[in-house]
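Copied from TrEMBL, the annotated features are:
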- 12-38: transmembrane segment (TRANSMEM)
- 75-95: transmembrane segment (TRANSMEM)
- 101-123: transmembrane segment (TRANSMEM)
- 135-153: transmembrane segment (TRANSMEM)
- 159-184: transmembrane segment (TRANSMEM)
- 196-214: transmembrane segment (TRANSMEM)
- 226-242: transmembrane segment (TRANSMEM)
- 279-298: transmembrane segment (TRANSMEM)
- 310-330: transmembrane segment (TRANSMEM)
- 350-376: transmembrane segment (TRANSMEM)
- 397-422: transmembrane segment (TRANSMEM)
- 428-447: transmembrane segment (TRANSMEM)
Amino acid sequence: MLNAVFLGGTQGLVLLQGLIVTVLLGPSDIGLYGIVTVTAMSIVELRRVGIDEGFVQQNAANQEQEFEAAFTLELAVGLVAALLIAVSAPIIALVYGQPELLPLCLAVAYLPVAFALQAPQWIFFRRMEYLRLRLLQAAIPAVTFAVTVPLAASGVGVWALVIGPLAGNLVGIAAAVAVSPYRLRLRRDKAAWRRYLNFSSPIFLTSLGLLVMAQGQIALVGIPEGLAWAGFMTVALMLTRYADRADQIVATTIYPAICAIPGRTAAMVELFEKSNRLTLVWTVPFCASLVLFANDLVDYILGSEWQRAVPLIVGLAIATAVQQLGYNWFSFFRAAGEAKPQAIETWTLVAVFLLLGVPGFLIFGVWGFVVGRVAASCAMVAVRRLFMGQLLPGARLAPLAAGAGIPVLLAALPIVVIRVLVGADRTALWAVGELVLWCALLAALFLRRERALWSELRGYLANPEKLAA
């Protein structure tokens with residue numbers, strides 16, 4: 001519950017910030033920001049090769065020395081990633097033909113090093129001291145919001161999205177260093193480094209695949225169509241990425257527990273199925289909400305200049321709903337020291353996207369991209385299912401999909417019927433009424449369908465020792 005409150009609150013704040021600056025800045029500035037942030041964060045993810053997860057997984061006798069060795073490696077990787085961002089800056093500016101991208105990319109090159117300096121968070125994660133961990137994590141988006149929104153409103157433009165995160169990360173670093181039980185010392189430990197890199201190399205390949213995917217989606221529309229289309233894709237990606245927030249909350253929360261039950265297949269299957277039933281209660285309705293209300297979001301909140309983003313929002317929402325099915329499967333493999341299957345899954349996604357999504361957009365436009373992107377997600381889940389049979393025999397994805405999909409379809413039916421009867425004469429107030437009805441139907445249907453799961457969850461919240469056992 002603590003994780004849900006903190007992470008849900010901070011992610012809600014980030015989403016609110018995204019919507020506000022989208023309205024304030026417009027497609028071209030958001031397009032610039034999208035290109036910069038996809039470049040920077042893709043490389044940041046590339047340097048996030050699982051050293052933190054390896055630290056959580058290990059059981060060294062001297063934890064302080066182990067942390068110092070892991071931190072040293074993380075900082076070294078962060079410095080290389082920062083250099084990559086700086087080197088890529090003029091290339092990105094040249095490819096897109098936008099000189100403004102050069103200073104913007106250089107201004108965010110510090111991010112990999114900033115994240116490495118927040119390594120003390122790993123200690124609290126490993127100890128499962130979630131209150132301290134979430135407080136440290138929440139400080140960054142809170143400060144970022146407080147700085148970014150006023151700057152954007154005052155006319156600073158896209159630079160508000162650079163200055164705000166800088167302030168947030170500086171506060172995050174200061175807070176992490178202040179409360180860390182260990183000092184941020186450098187330690188040369190080749191044996192530990194080899195151990196982390198052996199664990200991390202497949203995760204690096206996974207991150208590389210995600211980098212290709214992220215850059216490919218922005219470049220596919222941004223290079224031929226211009227900054228505005230890069231902005232449309234950025235907004236679609238920004239909205240749909242919140243579909244996996246429940247999965248991330250649960251996956252990070254249960255990872256130490258997964259590490260504690262190696263080889264207990266029945267327990268792992270039960271944990272996998274129940275955790276996914278829980279997260280799909282958020283994921284599928286959220287994606288369905290974007291499909292049903294994307295036009296209303298543009299008409300009544302973002303503005304008519306964002307109308308061309310609607311098919312991208314709808315398409316990515318469908319693709320995201322598909323690929324979130326069984327999302328946290330990789331945590332079980334990583335806990336077993338096996339990260340290769342996720343890399344294979346990710347590159348399957350990339351390959352099918354390049355094979356179908358790219359030519360689909362070039363030949364048929366936006367809807368060709370959508371079909372290719374959804375097909376890539378389906379291929380990804382097919383590979384996931386094959387690997388799951390090895391470590392989690394008995395875990396099934398079809399019942400999970402039905403359990404989340406049936407209530408959503410039943411709730412959507414009255415909304416669709418109402419729209420057919422009313423026609424195009426829908427006001428903002430009418431749209432709000434539909435949204436309220438939609439949420440009420442979803443709540444009633446999911447409470448009814450997952451009554452046993454809610455009861456079990458309440459039991460765990462009332463008696464945490466039961467969950468630990």
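Start at 1 and count along the chain as shown; that gives each residue its number.
Every residue gets a Cβ built from N, Cα and C, even glycine.
Counted over residue pairs separated by six or more positions, the transmembrane segment (12-38) shares at least 3 Cβ pairs under 8 angstroms with the transmembrane segment (226-242), which defines the two as touching.
Contact between the transmembrane segment (159-184) and the transmembrane segment (310-330) does not hold: fewer than three of their C-beta pairs are under 8 Å, each pair 6 or more apart in sequence. Of the ranges 75-95, 310-330, 428-447, the one with the most Cβ pairs under 8 Å to the transmembrane segment (397-422) is 428-447.
With a cut-off of 8 Å on Cβ pairs spaced 6 or more residues apart, the transmembrane segment (428-447) and the transmembrane segment (279-298) reach 3 or more such pairs and are scored as touching. Tallying C-beta pairs under 8 angstroms between the transmembrane segment (226-242) and each of 75-95, 101-123, 310-330 places 310-330 first. Residues 32-33, 35-37, 39-41, 43-44, 47-48, 52, 55-56, 63, 67, 70-71, 74-75, 77-79, 81-83, 85-86, 88-90, 92-93, 133, 136-137, 158-159, 162, 165-166, 169-170, 172-173, 176-177, 179-182, 184 of the same chain, all 6+ positions outside the transmembrane segment (101-123), place their C-beta atoms under 8 angstroms from a C-beta of that stretch.
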